[in-house]
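Database features, via Swiss-Prot:
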- 765-795: region 'Type E(+) motif' (REGION)
- 796-890: region 'Type DYW motif' (REGION)
- 61-95: repeat 'PPR 1' (REPEAT)
- 96-130: repeat 'PPR 2' (REPEAT)
- 163-197: repeat 'PPR 4' (REPEAT)
- 198-231: repeat 'PPR 5' (REPEAT)
- 235-265: repeat 'PPR 6' (REPEAT)
- 266-300: repeat 'PPR 7' (REPEAT)
- 301-335: repeat 'PPR 8' (REPEAT)
- 372-398: repeat 'PPR 10' (REPEAT)
- 474-504: repeat 'PPR 13' (REPEAT)
- 516-550: repeat 'PPR 14' (REPEAT)
- 551-581: repeat 'PPR 15' (REPEAT)
- 653-683: repeat 'PPR 18' (REPEAT)
- 1-44: transit peptide (TRANSIT)
Amino acid sequence: MSCPLAFTFSLPSIFPFPSQLLPFSRHKHPYLLRATPTSATEDVASAVSGAPSIFISQSRSPEWWIDLLRSKVRSNLLREAVLTYVDMIVLGIKPDNYAFPALLKAVADLQDMELGKQIHAHVYKFGYGVDSVTVANTLVNLYRKCGDFGAVYKVFDRISERNQVSWNSLISSLCSFEKWEMALEAFRCMLDENVEPSSFTLVSVVTACSNLPMPEGLMMGKQVHAYGLRKGELNSFIINTLVAMYGKLGKLASSKVLLGSFGGRDLVTWNTVLSSLCQNEQLLEALEYLREMVLEGVEPDEFTISSVLPACSHLEMLRTGKELHAYALKNGSLDENSFVGSALVDMYCNCKQVLSGRRVFDGMFDRKIGLWNAMIAGYSQNEHDKEALLLFIGMEESAGLLANSTTMAGVVPACVRSGAFSRKEAIHGFVVKRGLDRDRFVQNTLMDMYSRLGKIDIAMRIFGKMEDRDLVTWNTMITGYVFSEHHEDALLLLHKMQNLERKVSKGASRVSLKPNSITLMTILPSCAALSALAKGKEIHAYAIKNNLATDVAVGSALVDMYAKCGCLQMSRKVFDQIPQKNVITWNVIIMAYGMHGNGQEAIDLLRMMMVQGVKPNEVTFISVFAACSHSGMVDEGLRIFYVMKPDYGVEPSSDHYACVVDLLGRAGRIKEAYQLMNMMPRDFNKAGAWSSLLGASRIHNNLEIGEIAAQNLIQLEPNVASHYVLLANIYSSAGLWDKATEVRRNMKEQGVRKEPGCSWIEHGDEVHKFVAGDSSHPQSEKLSGYLETLWERMRKEGYVPDTSCVLHNVEEDEKEILLCGHSEKLAIAFGILNTSPGTIIRVAKNLRVCNDCHLATKFISKIVDREIILRDVRRFHRFKNGTCSCGDYW
């Protein structure tokens with residue numbers, strides 16, 4: 001008794017039964033017009049005009065014709081094979097059980113659906129439609145290749161005696177149509193009908209398992225694996241498919257066990273393992289396996305090289321990449337392979353060797369679109385935007401290739417950055433015109449573009465309209481929020497994504513939204529910005545559970561998050577646990593110690609970094625100078641500045657000069673800072689250095705140099721509000737209220753708006769935001785009342801408000817009211833009222849903490865007996881028992 005397939009459904013009949021055949025005079029395919037003359041005269045005339053060789057071959061036997069037909073199919077002369085069949089029909093030679101399978105194979109390889117249907121009608125006419133299982137199996141294959149799932153099922157359902165080939169054809173077809181569950185159901189029915197599976201069956205079934213979501217796919221895959229072991233069917237073909245399945249499902253340990261236990265490892269086996277390792281970001285291990293493969297005497301091919309080169313690219317292992325390039329050059333024409341060429345271009349560009357990438361590109365004769373895309377992306381990621389756009393134009397105009405979604409992923413960022421491309425949004429119109437606007441890859445790129453242009457609302461609109469969002473889409477939108485400093489929105493979107501992922505794990509969806517390393521390294525800066533320590537710890541726990549905590553990018557982000565949430569000890573612990581530290585990791589930990597005022601530890605880390613063979617870069621020294629500045633280590637900072645080129649090989653840039661100006665200015669050595677400004681190379685951008693000098697002038701009330709710095713800054717950066725605010729502060733402190741008012745008026749006329757002071761504090765699962773002078777928070781009235789009470793207690797302890805921080809020329813009591821509404825005071829009050837006694841209060845602020853808030857927080861910490869950690873835009877302040885960790889040096 002046959003097994004009723006679980007996926008049975010009703011379809012309209014698309015194949016006429018013999019009694020319903022249409023007359024052959026209708027709906028003819030051009031090939032078959034010759035085979036259906038209306039009279040003997042037309043028969044001869046058609047034959048003479050279309051195939052004069054027929055008269056020569058009329059004496060040939062039917063067997064000769066059928067052998068001729070089959071030989072043409074074997075020789076891949078597909079169209080000639082069809083014409084041979086036409087000649088047979090004209091001569092009245094009846095096709096048999098051997099002719100139709102060969103003919104149907106030819107039509108399947110041609111992927112000609114219309115011709116296939118006509119031949120199918122002939123099959124019924126000559127009586128092979130139901131009883132000949134061989135012909136029926138070939139028909140299944142025909143409709144699979146022509147992409148007609150309904151026809152595949154219909155033909156299969158009418159096979160009276162299904163054999164192994166019938167089931168193999170069906171299961172293979174279902175996999176081709178990505179009907180993975182149905183393929184497994186068909187496999188079960190095959191077993192129920194006592195049809196013995198072959199190795200080809202198991203390959204298709206394992207492929208189906210690899211495309212099911214976890215844990216279902218893994219469970220089914222293991223069952224098929226066990227079945228193969230029991231039946232002794234595990235040949236190299238199946239082993240390779242199992243290795244690929246375990247790798248795709250993230251079970252690399254099982255892939256490696258299979259590889260180790262399999263004696264007949266061939267090139268395909270190795271390539272499968274290498275590909276799985278790279279897909280699962282086990283890049284160093286992939287390179288180790290490549291070495292083992294070569295030692296076993298297995299020569300890499302183009303698939304090996306193109307699979308492993310991305311590992312060199314991501315790890316920036318230029319030397320290994322060059323070795324693979326040399327191997328490709330040495331071994332035949334591997335370097336001429338388009339996939340290898342594209343991978344080489346990507347590797348060189350990712351290692352900042354753009355010229356080497358271009359040489360590979362120029363040396364390729366067969367430049368497919370993948371190669372063009374790799375070179376455009378290489379230029380774009382290295383910010384060679386002009387070259388990227390020129391190459392894009394050349395690809396379309398000279399090479400005649402049309403841009404696809406991958407092309408646009410490289411072109412769009414180049415357009416956004418390029419000064420020559422003023423109408424940035426016009427690229428969106430180009431995408432729509434090319435019909436690429438519904439492509440998910442392109443939509444992700446457009447979302448990123450609008451985020452970087454500051455139009456996060458348009459990015460969100462694109463995201464909202466997308467029907468098919470994958471993990472990359474969610475990561476892109478989260479990145480957009482983080483880039484635009486919409487940190488609360490980024491965390492909310494992550495929460496929404498996690499809720500959808502829970503539905504995925506319950507089988508409600510097939511698209512996995514499980515956060516990966518990119519998700520974590522993207523969202524952790526938002527936790528840091530909001531000082532959301534609890535959320536950061538939650539993400540850290542997830543990273544540990546999913547073996548992502550030791551990833552260098554995730555690890556570096558965790559180091560930064562803990563440091564910016566005030567947990568320097570935990571930051572160092574995470575740093576020490578990262579197995580492969582890169583220069584970014586070292587820079588982050590040095591910056592962390594600097595933010596906390598531990599300058600000597602930062603310098604010790606610089607030395608340790610050198611001992612471990614990691615060369616410092618430009619950012620390293622910015623971190624070191626910042627650490628020296630916040631710790632008052634002026635002489636040590638100057639010493640490092642003057643030896644950074646001879647001892648470390650790093651040329652001082654404008655950013656380094658700005659840091660050293662800050663170092664000197666913060667220490668009150670403003671004239672020296674001004675002299676250093678004048679020593680800067682003429683072509684350097686001096687905005688950063690002038691800004692440091694202006695800030696120092698504000699701290700030390702140096703009106704003369706402050707005015708010079710502000711005038712130069714406003715000329716260089718007329719739209720930056722902080723320059724006007726600092727100058728107005730200097731004038732206010734000096735009692736020059738008219739000048740302060742004039743600065744504010746100029747600021748207003750220029751359309752420059754001061755960024756409002758914002759502070760954040762985490763409580764429970766929420767991050768609460770406070771804005772200076774804002775009363776929209778639900779506890780606003782309660783907080784104001786508490787601060788008034790606290791104010792009186794502080795006065796009794798000797799607190800005198802520093803009203804020099806108020807820019808407005810108003811009465812002293814009004815200035816005090818304005819000071820009381822500063823955002824950090826509101827956040828601290830919220831923390832005191834909403835947490836239990838003894839709990840550390842952690843607050844983050846978007847601007848530099850003012851003198852009065854710094855003074856007030858010292859008094860508050862003593863009165864309420866709380867430790868208060870306040871992070872402003874520059875550094876950390878740890879208040880305890882009336883003192884601050886900065887020693888009033890900030």
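Just so it is clear, glycine is given a Cβ too, placed from its N, Cα and C backbone atoms.
Regional average pLDDT for the repeat 'PPR 4' (163-197) in the model is 90. Cβ atoms under 8 Å from those of the repeat 'PPR 18' (653-683) belong to residues 618, 621-622, 625-626, 628-629, 632, 634, 637-638, 641, 644, 689-693, 695-697, 699-700, 702, 705, 708, 889-890 of the same chain, restricted to positions at least 6 beyond its ends. Same-chain residues lying 6 or more positions outside the repeat 'PPR 13' (474-504) and placing a CB less than 8 Å from one of its CB atoms are 213, 444, 447-448, 450-452, 454, 456, 459-460, 463, 510-516, 518-519, 522-523, 525-527, 529-530, 532, 535, 767, 769. Residues 164, 167-168, 171-172, 174-175, 178, 180-181, 183-184, 187, 190, 237-238, 241-242, 244-246, 248-251, 504-505, 507, 510, 512 of the same chain, all 6+ positions outside the repeat 'PPR 5' (198-231), place their C-beta atoms under 8 angstroms from a C-beta of that stretch.
The list of residues near the repeat 'PPR 10' (372-398) in space but at least 6 beyond its ends in sequence, with Cβ under 8 angstroms from a Cβ of it, reads 341-343, 345-346, 348-350, 352, 354, 357-358, 361, 404, 406-407, 409-411, 413-415, 417-418, 420-421. Long-range contacts of the region 'Type E(+) motif' (765-795) within the same chain, counting only residues at least 6 positions beyond its ends with a Cβ under 8 Å from a Cβ of the stretch, are 487-488, 491, 530, 532, 534-535, 756-759, 818, 820-827, 829-830, 832-834, 856, 859-860, 863-864.
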